[in-house]
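As given in TrEMBL:
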- 1-21: signal peptide (SIGNAL)
- 30-117: domain 'Ig-like' (DOMAIN)
- 130-222: domain 'Ig-like' (DOMAIN)
- 230-315: domain 'Ig-like' (DOMAIN)
- 331-351: transmembrane segment (TRANSMEM)
Amino acid sequence: MTSLFLLCSLVIILFVRMCCAICQSQGQFPLTQNVTVVEGGTANLTCRVDQNDNTSLQWSNPAQQTLYFDDKKALRDNRIELVRASWHELSISVSDVSLSDEGQYTCSLFTMPVKTSKAFLTVLGVPEKPQITGFTSPVMEGERMQLTCKTSGSKPAADIRWFKNDKEVKDVKYLKEEDANRKTFTVSSTLDFLADRSDDGAVVSCRVDHESLNSTPQIAMQVLEIHYTPLVKIISSNSWPEEGQSIILTCESKGKPVPEPVLWTKDGGELPDPERMVVNGRVLSISFLNKTDNGTYRCEAKNPIGRNSTEYVLIVHDPNALAGQTGPDHALIGGIVAVVVFVTLCSIILLGRYLARHKGTYLTNEAKGAEDAPDADTAIINAEGSQVNAEEKKEYFI
């Protein structure tokens, strides 16, 4: 009876332990993380288990080949090494990663049943250094330029940006093509514009951005050389030239190639006085100015691309006339006075003639008919003959 009781107790204890082991194994689960690495770099794959009752861990590659079983290496690949092996962790490293290493790796925990966790290894393809094509030196002003920047081997496809003197150019064309390996891409971008003289010496750069470059873009540069006709301008040393003075006219000409020595002319012909008008390179000097120097002076510059010219009108001023203009204009004042005197005399003459025509006499109120007369003349006429002493009563006015 006692033996039977002990046997039953032993069976119960074994059953409980087996149940506990099964429950504990059901709570175990391997944990992994996806990994991204640049081609040629090293990938670290880690598998962890929080609770483990001495159950083995294993790493296998996308082809389901075992890489490591616990601390035992299973695949002969010198690039794969053990980093850490314990009951709770199995970590391995893959060096010199290539695009073919990309894929899904599996960590297995050999419980009943076997439990697994997946980790995807992403390999970034590094873009090759870009190159700019399509530039032929030199380019004539007004010609159309098409510069193409290309880079291969990027995964995913790289981004290309254009800059001219550090200022980004937005209006460009972009093309993406899959490489023969069907894993990487070749991308190209075209910059299309008309050549302008302001572009001469400009630095055009093509910049390739990609996540594999660690924020350090790859750049290709091209310095532009634009040929254009001369731009001509005349600068005078004297803004108000006077007789007896001198003047220097400088002809500034800018072009590419550099313009030849300039040609000076006056009023469409040669300079009339070589002794006073001296040309030294781009400078025309005229000494002892006089009125005969007045005229239009032309400066012409040319290079193999073309020619251009500009004009300067020279007016030589009389210093005496200029000084007279600074004081009062006595002639003008004399003229005004004469006009005023003439107008005054004319007014006096006209007034005298008017008064002379209306000169007359009149009787005072003591004369007969004076009160009835409308004016002095009538009163005198009415009084004549009736007043003996009328002459004594006359009064005159002017």
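Just so it is clear, glycine is given a Cβ too, placed from its N, Cα and C backbone atoms.
Look at the domain 'Ig-like' (130-222): DSSP puts its residues at 6 helix, 54 strand, 33 coil.
Counting residues per DSSP class in helix, strand and coil order gives 3 helix, 49 strand, 34 coil for the domain 'Ig-like' (230-315).
Restricting the average to the domain 'Ig-like' (230-315) gives a pLDDT of 95.
Helix, strand and coil residue tallies for the domain 'Ig-like' (30-117), in that order: 3 helix, 43 strand, 42 coil [DSSP].
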